[in-house]
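Beneath this line is the structure, given in structure tokens, with notes to follow.
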Amino acid sequence: MLRVMTSRNFLTIDDFDIRGKTILLRVDMNSPMDTQGHILDDMRIKSHIATLKDLESAKVVLLAHQSRPGKKDFTTMKPHAHLLSRYLGKQVTYVDDIFGTFAKTHIASMEDGDVIMLENVRFYSEESLERTPAEQANTYMVKKLAPFVDIFLNDAFAVAHRSHLSVVGFTEVLPSGAGRVMEKELVSLDRGVKGGERPSIFVLGGAKVDDSLRVTENVLTSGGADRVLLTGVVANVALAASGVNIGKVNMDFIKSQGYENQIEKARGLLAKFKDRIGLPKDVALNDNRERVEVHISELNSDSLPINDIGLETIVDYTNEIQNSKTVVLNGPAGVSEIEDFALGTHEIIKAAIKSDFSIIGGGHISVEVAHLGLEHRFSHISTGGGACIDYLAGEKLPGVESLKAAYIKYQEAKKL
């Protein structure tokens with residue numbers, strides 16, 4: 001079944017002889033939907049086309065989820081199958097079942113080249129329980145579906161940080177590897193965090209302060225980055241930690257988001273990595289939606305909301321980014337929804353595409369990249385969300401670890 005080829009610590013499509021085989025493919029097609037059930041953004045659906053094209057000689061059974069219980073968009077996979085049919089150029093059959101007789105009958109009757117979409121896996125209550133791969137392998141879903149398929153491929157990087165049934169359970173009982181989305185995410189993020197050309201710069205912003213500080217600590221401690229440049233709310237937290245009076249309104253916002261406790265963590269990182277963390281020299285205040293440039297030494301208790309990095313900081317940061325070989329961006333530099341305060345974000349994006357290898361970590365900055373029409377100028381744009389952040393922060397992802405374990409099993413089997 002296997003064609004020995006990979007030098008990585010996980011298997012990919014290229015390691016399998018997939019002709020005529022039945023492939024269970026876990027994808028991530030979780031998409032925003034309107035109240036009528038129409039998909040508003042099909043990016044994640046389109047992202048799996050390359051994987052499916054490479055599996056055309058096989059029978060492909062898709063496992064996916066949409067939203068989660070209690071949400072208004074927690075619905076069936078029927079609209080996803082419809083859109084996927086259009087993009088794939090052939091029928092993707094929606095099956096209103098997960099592992100019952102109806103689903104198994106469809107799988108057993110498939111011919112080479114067929115693609116079916118099983119029902120939302122989160123309709124099954126055990127799916128979202130966080131358990132070990134061995135425990136997940138002992139569930140009804142795995143026991144019922146596994147005998148009908150030959151190979152499991154995980155292409156759902158965005159849920160790789162979850163130890164959910166459909167993410168880790170099948171790797172225990174089936175030959176398992178990564179689909180093209182998963183493969184590209186792991187190779188690209190690994191290069192950004194570990195093997196990128198130097199100098200390597202991380203530019204972190206947005207409103208999720210704890211995530212940015214986790215990533216900062218990991219990449220500076222591990223040597224994955226030479227420098228980290230801070231923007232957005234995390235920069236405000238770091239400025240406060242460094243002794244700058246950022247103003248009551250800005251401190252109140254930090255407190256309202258539950259990030260006051262992150263000031264001490266930022267202080268510790270600044271003390272440990274003083275010369276490797278870049279902070280803004282100036283900022284842009286929002287005066288009734290008008291941009292007002294202020295040096296940080298001029299900030300005081302009455303200062304207006306900080307909505308962007310200042311012009312001097314933009315020049316400093318973009319010069320440093322342009323002279324780097326590897327650049328990883330995560331989170332916008334300011335309130336980019338307001339045109340006057342999108343300047344820092346846009347200039348950083350334009351500078352990043354001039355580096356040899358550039359990564360967008362996802363989130364709101366991806367929206368700004370699309371707004372500028374520069375998606376294809378980046379080496380990689382992650383669709384991982386929380387999984388991407390955890391990976392950049394050095395966390396082990398259950399979905400990835402289960403693929404590594406499957407690879408070890410394969411290596412051990414070779415020795416027998």
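Keep in mind that glycine also has a Cβ here, set from the backbone N, Cα and C atoms.
Residues annotated as substrate binding site in Swiss-Prot: Asp28, Met29, Asn30, Arg44, His65, Gln66, Ser67, Arg68, Arg122, Arg162. The number of other Cβ atoms within 10 Å of the Cβ belonging to Arg122 (substrate binding site), over all protein chains shown, comes to 21. In the three-state DSSP classification, Arg122 (substrate binding site) falls within a helix.
The Cβ of Ile365 (ATP binding site) lies under 8 Å from the Cβ of Gly205, Gly206, Leu329, Asn330, Gly331, Pro332, Ser336, Thr345, Ile349, each on the same chain and at least six residues away in sequence. The ATP binding site annotation in Swiss-Prot covers Glu337, Gly362, Gly363, His364, Ile365.
Within 8 A of the CB centroid of the substrate site residues Asp28, Met29, Asn30, Arg44, His65, Gln66, Ser67, Arg68, Arg122, Arg162, the other residues of that chain are Ala64, Asn120, Val159.
In this structure, the C-alpha atom of Glu337 (ATP binding site) lies 24 angstrom from that of Asn30 (substrate binding site). Of the listed binding-site residues His65, His364, the Cβ environment within 10 Å is emptiest of other Cβ atoms at His364. Considering other CB atoms within 10 Å as the measure, the emptiest surroundings among the binding-site residues Asp28, Glu337 are those of Glu337.
The binding-site residues Asn30, Ser67 differ in how many other CB atoms lie within 10 Å of their CB, and the one with the most is Asn30.
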